[in-house]
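> Once you've had a glance at the structure underneath, I'll fire off some questions.
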Amino acid sequence: MSASDYPKPSEDRIAELRENLLTIRSKIAAAVSAAGLEDKKPQLVAVSKIKPAEDVMACYEDGQLHFGENYVQELVDKAEKLPQEIKWHFIGAVQSNKCKPLAAIPNLYAVETLDSIKKADLFQKSLPETRTIPLRIFIQINTSSEDSKSGLPPIASSSSEAVDLAKHIVQKCPALHLEGLMTIGSIEASTTQDENQDFDKLKESRDNLEIALQEAGLADGWGQDGKLKLSMGMSADFENAIRQGSDNVRVGSSIFGARPKMQ
């Protein structure tokens, strides 16, 4: 497809989205600087769920490559319409029957919400042989222990469901790459100005998981340079998340505006 074939919004909408992106990028840079983390650049994932492909295209043309989606069919549809250079992150709840259509998306960059060995095996089985880069995987941790949220319990020792899943990915799923851990966190923790306890729990889980993998003789084949990444922080709390060590922030409404409710 030529550039003119891709969907685009109005000029006013393009200007609005670019201004919003500039604001978020500036806030990310300020949070990095304030925390003394100049050598670390968190990845911005623009969460475009329930927003049109035109909006994604406008952000892409402003240099944004990473986008997050919560719904499988919406992601499939957008991926077909938009440039292959886009790096899609699936950040919604993963259902077993949706692993195969997700795996078929050529430029699916990461699944950030894996929570079971069964689903890891389904991705391993479903990824096409033509794919040359492993699918990055984040294990979702339910740091707030809320029934309404998906994810596995925080990792307190080498004996946990999340550790078993991580070991399985590293040992049994060569088409997957264990990238790190992800959490959503509670609304209460996200709106506090203090240290976010959910982010602290994810950091502790990450540290415990790294130790567990090393003790199991799995010194490589996960993370980057011996470190697992943290995906934490959204529109309301991404600055705090960066100050607490996030590598990946997922920002939606602050870029695209409020979303209509799903019908």
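Sequential numbering from 1, following the chain as shown.
Quick reminder: no glycine exception, Cβ is built from N, Cα and C everywhere.
TrEMBL lists 41-260 with the feature domain 'Alanine racemase N-terminal'. The N6-(pyridoxal phosphate)lysine annotation in TrEMBL covers K49.
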> Including all protein chains shown, what's the count of other C-beta atoms within 10 A of the C-beta of K49 (N6-(pyridoxal phosphate)lysine)?
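Around K49 (N6-(pyridoxal phosphate)lysine), other Cβ atoms within 10 Å: 18.
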> Kindly state the mean pLDDT of the domain 'Alanine racemase N-terminal' (41-260) in the predicted structure.
94
